[in-house]
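Notes for the one structure printed next.
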Amino acid sequence: KVEEVLTDGRRIITFRNGTKKEISADKRMTMISFFNGDVKKIMPDQRVIYYYADAQTTHTAYPDGLEVLQFPNNQIEKHYPDGTQEIVFPDHTVKCLYSDGFKETFFPDGTVVKVEKNGDKIVVFSNGQKEVHTAQFKRREYPDGTVKTVYCNGRQETKYSTGRVRIKDEEGNIILDK
């Protein structure tokens, strides 16, 4: 290795394989440029920023345990110390994955999808409609109070805001309408 000390106090160490390590004069910042194009920076505030040249991805690790990945397509992932992950996609959709298995997705149009650990799903649309999906049924609730439920056996039940109830069997035949 070759080590040089610059007039401003910086030190540059060049290794045989082409890797270079630069240490600031106050020794608070270090930058390592690897032979493969990767760059690692250790900042004065103890952040570690690693740039993967091949993947064109930046990984920043913060002293409090937060890790942030930035991808070339502008996707950003945040990994929190408690196990929570937040992913911001290029179209501005945001997906949150919680350590207890709960998931939430926020779409740019205002739609929100929540998925429980057991797989139950609630979709709230920007127009006020809401869907609930479980292993037993799928139900859509309309802003006027109408509720339509389709059960896993194919039976359909619609309760209108007027109080009217319509039930269809598995083949779609009306078995009750009052």
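Any Cβ shown, glycine's included, is placed from N, Cα and C.
Copied over from TrEMBL:
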type   : residues : note
DOMAIN : 1-23     : domain 'Centromere protein J C-terminal'
DOMAIN : 63-91    : domain 'Centromere protein J C-terminal'
DOMAIN : 100-133  : domain 'Centromere protein J C-terminal'
DOMAIN : 138-167  : domain 'Centromere protein J C-terminal'
Helix, strand, coil residue numbers for the domain 'Centromere protein J C-terminal' (100-133) per DSSP?
0 helix, 16 strand, 18 coil
Whole-number mean of pLDDT values that fall within the domain 'Centromere protein J C-terminal' (100-133):
97
DSSP puts the residues of the domain 'Centromere protein J C-terminal' (1-23) at 0 helix, 12 strand, 11 coil
Within the domain 'Centromere protein J C-terminal' (63-91), how many residues are helix, strand or coil going by DSSP?
0 helix, 12 strand, 17 coil
Run through the domain 'Centromere protein J C-terminal' (138-167) and tell me, per DSSP, how many residues are helix, strand and coil.
0 helix, 16 strand, 14 coil
